[in-house]
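Read the structure below first, then the notes.
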Amino acid sequence: MAAVSDIPVHLPKLLALFKTVVPKLVNNKHKGQYGRIGVIGGSLEYTGAPYFAAISSIRVGADLAHVFCHSNASAIIKSYSPDLIVHPVLDCVDAVERIAPWLERLHVVVIGPGLGREPGILKTASNVLKLCMDTKKPVVIDADGLFLLNDNLNLICGQPNVILTPNVMEFQRLFGEDDQAARQKMSLLGAGVTVLEKGANDKIYLPHCNEVHSMPSGGSGRRCGGQGDLLSGSLATFFSWSLQSGEPNPALVAACASSYFVKKLNAAAFQKFGRSLLASDMVNQIPSVFQTEFENSDPQ
């Protein structure tokens, strides 16, 4: 294999580039044009994950967020926020048929937050993923969505506009612990698949060209449940904007921006709450951190 190029991300350049991707707020747009995001996930045990993914997607600026969850989780997720559209369908026998018409309207779909490991639900999620691949729907795959790929990586090989967001352990389960073997396996993914490996220093892999873009460290020493869901949700919105803007490297730009953004959220919340920091505290930092880091000086 060709040598891997490890490219440190130049933050000033990234921030300047992403500001051109963020859509300007104008009065002649209608609801939905700034982003319609779907989240496939949510079970009785895991209701927070899909909520955090969906709420972060609209907090950063998408107009609408849909959560497609198990019926047992629906009322709980609805109680967290009236701003989310919740569909209790994942355990229905005709779940895919019910979800399909909504998929046509969505810009990006996040598969995995709070999905759980129930075989029937995993099968439904797998079929939804296949439908997304068949229709070339951009997807972000996280958490239990990555579990689906452990033995079925071919589901996404050669597909366009796919971003995986594994943590270190999920990355090793997908691609192995040996660096060379992992690069070899990733090379089969194709040019349309991007891998964002989360860690102290996030890494964004472009397997087709043997590039690894390394993000600087950031955030704090406090790790709390839900932070990865904030990343997948904000990433989905950033991805939709990058695609709509015509940016030539939409997945790379969105992945770098979301990695940087979530670490900034963590740092801002840690300043206020320290060891007591929770994911909900990070959600509350989204408006101020986004304004400081990404907002154009002239919103009009």
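Here the Cβ of each residue, glycine as well, is placed from N, Cα and C on the backbone.
When ASP63, ASP83, ASP229 are compared with the (6S)-NADPHX site residues GLY114, ASN167, VAL168, MET169, GLU170, PHE171, GLN172, ARG173 in Swiss-Prot, the one appearing in that site is ASP229. Recorded residues ASP202 (ATP binding site) and VAL168 ((6S)-NADPHX binding site) have their alpha carbons 10 Å apart, per Cα-Cα distance. Counted within 10 Å of its Cβ, the other Cβ atoms near VAL168 ((6S)-NADPHX binding site) come to 12, all protein chains included. DSSP assigns ASP229 ((6S)-NADPHX binding site) to a helical segment in the three-state reduction.
Just so you know, of the binding-site residues GLU170, ASP202, ASP229, the Cβ with the fewest other Cβ atoms around it within 10 Å is the one at GLU170. Pairwise Cα distances among GLY114, ASN167, VAL168, MET169, GLU170, PHE171, GLN172, ARG173, ASP229, which the record gives as the binders of (6S)-NADPHX, peak at 20 Å. In this structure, the CA atom of GLU170 ((6S)-NADPHX binding site) is 20 Å away from the CA atom of ARG222 (ATP binding site).
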